[in-house]
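Undergrad: I'd like to ask you about the structure that follows.
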Amino acid sequence: MIEIKGLTKLFGKKPVVEDVSITIEPGTITSFIGPNGAGKSTLLSMVSRLLDADTGEVLLDRNNVKKWNSSEFAKRVSILKQANHINVRLTVRELVAFGRYPYSKGRLTSADEQFVDQAIAYMNLGEMQDKFLDELSGGQKQRAFIAMVIAQDTEYILLDEPLNNLDMKHSVQIMKILRNLVDELGKTVIIVLHDINFASVYSDRIVALKNGRLVKDGPTHEIIKTDSLRDIFDMDIPIQDQNGCRICVYFNS
Amino acid sequence: MRLWIVIVAAVLLSFVSLFLGAIDIKISDLVNGDTDKIDIFLVSRVPRLMAIILAGAGMSIAGLIMQSLSRNKFVSPTTAGTLDAAKLGILISMLFFTNVTYTGQILFSFAFALAGTFVFMQILDRIKFKDVIFVPLIGIMYGNILSSITTFFAYEADLLQNISAWLMGSFTLVISGRYELLYISVPALVLAYLYANKFTVAGMGEDFAKNLGLSYKAVMNIGLVLVAIISTTVVLTVGVIPFLGLIVPNIVSLYLGDNLRKTIPHTAAMGVVFLLVCDIIGRIVIHPYEIPVNVTVAVIGSAIFLVMLIRGRAYAKK
């Protein structure tokens, strides 16, 4: 279990995240939503300890994340930031194999190879596994990075806006994969999303931030409501039900 | 390209290098026990070949490590102030410590090369605009500033001639007893290979490295120390060889990618081939005299570099 307790981060004197406390339930998808500059990515970075908090703490299994041994932590929690700018020429398979780094330090055992094979198969990358990353499209590249995270085989998978620069088809594909990771493999996914409808359709729980503060935290169906959304986005957004999916029609509100 | 092709090329060129020079030495001379020729062979030809091999492999790998850690294809010991800082170190050791020993020079030069490269990495960390061309330009400017400091004090102290001797990369003066310092780079090269995976992971950025549980700063520091060791030993024995650390890793990256575990052997072998070719050309053109290797490397290297800049800008950006 990941517990976030009273987390605050200052950039200069300005708080970008202020006194946020939430608990992440295992086996769910939790989406962080909110306007630009709400502190979603900063919060995610602190949870994955890429950033140090100024006050407050993040606990993984009741132990402060800062106290975890870095390899052990990397076997439990993985984070994928916006990865499109990585300019290293690796093949898909080499990249995915680096997901095993916390376990093997680069000397892959046959068990590691199996994880790599499975991750590649799971993300449907078999045919392009020997291609260089810079030969792939944005969607394929994103899939390769997610395959790496799958090979890392962590209980918690944190993603920072993984749908950025992806077209509709690939966005849906990625979200379905994340849903499957939770439903089939029992992973816990925490994701920063820009598109509220993807959050609505795919997540179990929504955490909404605004100006660095937590404004809403609850099951998806409680947050995707006109009143709640008004508190988050300052907009009146009508909700439509489409075969059980609640769609926010914000385009002309 | 297969590794064995590059290695076979290196071996063939090594033989050419061994039997090329002002005095004609044949294999039969060595077999027949012609003592004069055997002497020349052992005192001059073999050390020269060893120096070329170590400097070629060393500078190429130093460049490769720097490109990986700085995440920029055009950063190398020549374009990041490393070599200029090493020169400044030697000068200062000569200026302030009159009785400085060879070991003292080595240590000074090493400390300066390390500090100089570290400062460049800090600058790199702070600038927002990380364009592939812009970053090495800053490095070249930075190197020139260090270099002008060196020149100024050398001029004041009447040491300019010594300075230009280090500037000029050349194997002409390499004889037995004057190049053995280069062997210090051998353990550094072995370490570079052992750390290959860590350098690759660090090359994907701090966040990426932290995600995989790698202590980014430590790997960064080890990389810079290795680069400084290799650069110092080369500058002190052979002199400055430009472009080598820039071109060779980029050529290998084009066909093999950036997985250092895979590319380090290729880069080393390719560096040896490249330097052997340049040295052999320099020895043939005005035979029995020689053109210093840094001239041939600069001519061939700048041509290749230009092609890389024009054709490869798109590739380097990816």
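Keep in mind that glycine also has a Cβ here, set from the backbone N, Cα and C atoms.
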Undergrad: In TrEMBL, which of the ranges B:2-20, B:268-286 has the transmembrane segment annotation?
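TA: Based on what TrEMBL states, transmembrane segment spans B:268-286.
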Undergrad: For the transmembrane segment (B:268-286) and the transmembrane segment (B:45-66), does the number of C-beta pairs under 8 Å, pairs 6 or more apart in sequence, reach 3 or more?
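TA: Yes, these stretches are in contact.
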Undergrad: Decide whether the stretches the transmembrane segment (B:175-196) and the transmembrane segment (B:45-66) have at least 3 CB pairs under 8 angstroms, with pairs required to be 6 or more apart in sequence.
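TA: These two segments touch.
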Undergrad: Sequence-remote contacts (6 or more beyond its ends) of the transmembrane segment (B:236-256), Cβ cut-off under 8 Å?
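TA: Hits for the transmembrane segment (B:236-256): 1, 51, 55-56, 59-64, 66-67, 73-74, 76-79, 83, 86-87, 90, 105-106, 109, 165-171, 174, 178-179, 181-182, 262-263, 266-267, 270-271, 274-275, 293-294, 297-298, 301-302, 304-305, 308, 312, 315-316.
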Undergrad: Excluding the flanking five residues on each side, which residues at least 6 beyond the ends of the transmembrane segment (B:45-66) place their CB within less than 8 Å of a CB in that stretch?
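TA: The answer is 10, 14, 17-19, 21, 25, 75-77, 80, 82, 117, 171, 174-176, 178-179, 182-183, 185-186, 188-189, 192, 199, 223, 226-227, 230-231, 233-234, 237-238, 241, 244-246, 248-249, 252, 260, 263-264, 267-276, 279.
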